[in-house]
Amino acid sequence: MTDTAPTPEKMPQKIVLVTGPSGAGRTTAIRALEDLGFEAIDNMPISLVPRLLDGPPLARPLALGLDARTRDFSVTAVADLLHLLAEDPRADAQLLFLDASPRVLTRRFSETRRRHPLAPLESPMDGIARETDLLAPIRARADVVIDTSELSPHDLRAEMLRWFGDRDSLRLAITVQSFSYKRGVPQGTDMVFDVRFLRNPYWEDTLRRLDGRDARVQDYVSADPRFDSFFDNIASLVRLLLPAYREEGKSHLSIGFGCTGGQHRSVTVAEKLSAALVAEGWQVSNRHLELSRRSIGAQS
C-alpha cells in the first residue's frame, strides 16, 4: 500500500498578509496570529517576501504585516506579490485587511496622540483620507476584511481565532513553580499558594537532604491528613480557571507554590499539579527556583 499523505516538503507554506489603515488594529492582529502559532514578521520589504519560499520549509505558518510604511509599499507592489503567491504552488496565501471607520480612526489617533505616518505635519484626518484612497484597491482584493470599529482588542483576537485558528491553536503555556518565602514571591506569578501548613520533611533526618521530586518526600508530604483535600481543591480551581483564561486570550499563566525553604513541600505540590495538568493535555513547564539556585551554586 502506497502512502499518499503529503510530506512537509510538499505542503504549501501558509501565509497571511496583514494590512489595513494605520490605527485599525494590525499590530493586535499580528500578535494574535503569533499566539495561534504563526511566525510573525512585521514590515518586511515586499520585494523580499518571495525569497521566503526559496529556503527550507518553515515549521509554522507565516503572518506578514504590511502597511504604507513598509519599504517599497504600493498598490502595484502588493498586487504583484499577490499574483506571484497565487501562482506559486509552494504558497497558500491569504490577504487580511483590517479596517475601521474614519471617525473611529480619528478618535484612536487622538487618544494615543500619535502622528499619522502619511501626514506627519498635518491633522490625522488628512492622513486617514489619504491612506483610505491609497488602500482601496488592496481592500477590494482581500480574502478577509475585518472592520474593527466596534471591536475591543479581545474581540479582535476572537475574530482572528475564528478565521485563522481553532480552539487548540490558542495554546495556554503554563508554568508551575516552587519557591522559598525567604526570597519572596517571584515576580510575574499569577496565582500563589502558601503550602507552609503542610508537615515539613526538613525535620526528618532521612529526608532533609532530599527534595520534593523524590518519591519518599512526596509520600511524606502527601500523608499529611490535610493534603488530599487541599490538593483536590487547588486542582479543581485551576481546572476551572484555565479554559476561562484561554478564552480571554491569555497566552501564559504562572502558578507558584511557596514554602519555607523551597525544597520539599512546595516542590512536591508543584510536581503533582504539573503531572495532573500534563495528563489532561495542558502545556506545562516546571521551575523549581530554589533547586535551580542550588544546582548553579554546586557547578560554580
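Yeah, the Cβs are placed from backbone N, Cα and C, and that goes for glycine too.
Note that the structure is predicted; figures quoted are calculated from it, not measured.
Listed in sequence order, Ala100, Leu105, Arg108, Phe109, Arg114, Ile128 are the same-chain residues six or more apart from Gly23 (ATP binding site) with CB atoms under 8 A from its CB. Secondary structure from DSSP puts Gly23 (ATP binding site) in coil. The ATP binding site annotation in Swiss-Prot covers Gly20, Pro21, Ser22, Gly23, Ala24, Gly25, Arg26, Thr27.
Under the heading GTP binding site, Swiss-Prot lists Asp67, Ala68, Arg69, Thr70, citing sequence analysis as support. The Cβ of Ala68 (GTP binding site) has 17 neighbouring Cβ atoms from other residues within 10 Å, across all protein chains displayed.
Taking the centroid of the Cβ atoms of Gly20, Pro21, Ser22, Gly23, Ala24, Gly25, Arg26, Thr27 as the ATP site, the other same-chain residues with Cβ within 8 Å of it are Asp67, Leu98, Ala100, Leu105, Thr148.
Across the structure, Gly25 (ATP binding site) and Ala68 (GTP binding site) place their CA atoms 14 angstrom apart. You'll find the Cα of Thr27 (ATP binding site) roughly 11 Å from the Cα of Asp67 (GTP binding site).
Cα spacing between Gly20 (ATP binding site) and Asp67 (GTP binding site): 7 Å, rounded to the nearest whole number. Ranking the binding-site residues Arg26, Arg69 by how many Cβ atoms sit within 10 Å of each one's Cβ puts Arg26 at the top.
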